[in-house]
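Enquirer: Okay, these came from TrEMBL:
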- C:7-80: domain 'Glycine transporter' (DOMAIN)
- C:92-164: domain 'Glycine transporter' (DOMAIN)
- C:6-23: transmembrane segment (TRANSMEM)
- C:30-47: transmembrane segment (TRANSMEM)
- C:59-79: transmembrane segment (TRANSMEM)
- C:91-110: transmembrane segment (TRANSMEM)
- C:116-137: transmembrane segment (TRANSMEM)
- C:149-167: transmembrane segment (TRANSMEM)
- C:173-194: transmembrane segment (TRANSMEM)
Amino acid sequence: MTLLHAIYLIAISAEAASGALMSMQRRMDLFGIAVIGTVAGLGGGTVRDILLGHYPLGWIAHPEYLLFTVGSALTAALLANRFQRLEKAFLILDALGLVAFTVIGCEIAAAANVHVAIVVLMGMVTGVFGGLLRDILCGQVPLVLRRDLYATVALMTGVLYVGMLHFHVNREMATAMAISVGFIIRLVAIRYSLALPVPEVEAHRFEDERSSDVG
Amino acid sequence: MTLLHAIYLIAISAEAASGALMSMQRRMDLFGIAVIGTVAGLGGGTVRDILLGHYPLGWIAHPEYLLFTVGSALTAALLANRFQRLEKAFLILDALGLVAFTVIGCEIAAAANVHVAIVVLMGMVTGVFGGLLRDILCGQVPLVLRRDLYATVALMTGVLYVGMLHFHVNREMATAMAISVGFIIRLVAIRYSLALPVPEVEAHRFEDERSSDVG
Amino acid sequence: MTLLHAIYLIAISAEAASGALMSMQRRMDLFGIAVIGTVAGLGGGTVRDILLGHYPLGWIAHPEYLLFTVGSALTAALLANRFQRLEKAFLILDALGLVAFTVIGCEIAAAANVHVAIVVLMGMVTGVFGGLLRDILCGQVPLVLRRDLYATVALMTGVLYVGMLHFHVNREMATAMAISVGFIIRLVAIRYSLALPVPEVEAHRFEDERSSDVG
């Protein structure tokens, strides 16, 4: 097992735990918790592979990945009320997952012979779509679209990785560099609450549509 | 036409009617009702086939399925205000649909030569994703993630079916047994309001994120 | 570059601007605005191609499309507070986009050798699913399911286009006719607020499920 593969298993487990915590807030039952955890952990790679037409999907070829996500989600549910103390560890694992997913996504897209912009984009999709689907299933406007240097970290990680490959840096070195640098940027973004600007907008025509009709 | 195929057509029609009723609560127009009905009836199989890379999709090869879902959804919309009396019949058809979808999903996945755990999972996906997509399009946290022995019945039905095939029970017998037993379990679950546990969770960090920003 | 291709680029840009405006209402950051804009512009064609198993996806083969959607979304965000004056121009571009997407969707489905009903349906999917996904990501019950002769215009455009091809009208002529007629119907529908009926429904069993649990 390579280091990247080990990091991948940690990452899907960390994301599954994040999904479990959010689904508990929505009073889901144990099945719902397992589903949301699995979607959070494996959804990004699944969306990427469907967009690329890259079959079989990772977890269909390797069903043991589901043991990690379901196991991690249910464990997180059991431990949830102690989890506040673990929040820091959890954010760090999630940051590691984000950058690991991104690098893995870039690698798989690169093997599919697509344009370099699509390679980076597929890295981002892998990094952020698990959380995005988790939020939609929980009935929430995706956090990743609203705040934080989260997707931006995925973008920077992907550009760095693809750039190094372009300049013939060896693959192991590029992987290690991209993960390390992306990870540090993400931790700095958390520490200093860095965020992209949110443009201000005046009330306008969509407003009245929203306020009526939807109970 | 085999018995399983007849049950399938009943099932997609029953699920389409369920979608129609929910979409009317959201004040959708006739087009929206037809769409939600179709998604409820055919969404589970569609998601399964996309995950498996199994093309062409069932309703693309057999567009007549759309007549069943659109017809059933619009009929349900017409009869909706009398539907309360039909609620019991409707729950029974939905239970039949759940187990029939599950067995059909298992069969299609088994033909795709995937791991036995994936076969059962694809049965569950077929059984529950129609209702799940219906709820998301209606702007609702999916019911299937929140209550009931619904997905769990799909799981038990799938395990029973796959288990019987493993022990060389003949396919027709396994189908009949799995559908009958799953159907009865589902009816018992409805009658006695059986449900999986919903873990309690204290207020924690996601709370403040949710309460702000989203209008 | 054909005229249809030019109209397509205008259409994805117009839809991307619509996505940007809606995402700003949800206080998304610049990344979220670019994502929602891209989903609004390219989501319909992406869903169609995944349903058809038609790979590679359009924007993966032509990543320059992403420049149009991201560029248009960010430009719309910059200009948003002046946009109210541009609303009319915007509705017109959106109407053009709807019918252009529909015709393009029909063409691609027809090339995939599917039943004529599926050809029309894929035209509709191409026309309306971008807006539908935009609304789901913004946490809103899709507008397209709730009001307006929007999807209905896509249906009429698709039927007209496919019907003309059936009667051996030459392709350029059929394209021009379908787009012109569909465009005019859409403008008339906007001008006179034409809409499909919304069936009335009494309070029934779904009511209590909705009112509880979901914060």
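Glycine too: its Cβ is placed from the backbone N, Cα and C atoms.
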Enquirer: For the transmembrane segment (C:59-79) against the transmembrane segment (C:116-137), do we get 3 or more Cβ-Cβ pairs below 8 Å once near-sequence pairs (under 6 apart) are dropped?
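Expert: Contact absent: fewer than 3 Cβ pairs fall under 8 Å.
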Enquirer: State the mean pLDDT for the domain 'Glycine transporter' (C:7-80).
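Expert: Mean pLDDT, the domain 'Glycine transporter' (C:7-80): 93.
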Enquirer: Please give the sequence-distant neighbours of the transmembrane segment (C:173-194): residues at least 6 beyond its ends with Cβ less than 8 Å from one of its Cβ atoms.
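Expert: Counting only partners 6 or more residues beyond its ends, the transmembrane segment (C:173-194) has Cβ contacts under 8 Å with 4, 7, 91-92, 95-96, 98-100, 102-103, 148-150, 152-154, 156-158, 160-161, 164-165.
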Enquirer: Counting by DSSP secondary structure, give me helix, strand and coil numbers for the domain 'Glycine transporter' (C:7-80).
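Expert: So the domain 'Glycine transporter' (C:7-80) is made up of 63 helix, 0 strand, 11 coil.
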Enquirer: Let's see if you can do this one: DSSP helix, strand and coil counts over the domain 'Glycine transporter' (C:92-164), in that order.
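Expert: Within the domain 'Glycine transporter' (C:92-164) the tally stands at 59 helix, 0 strand, 14 coil.
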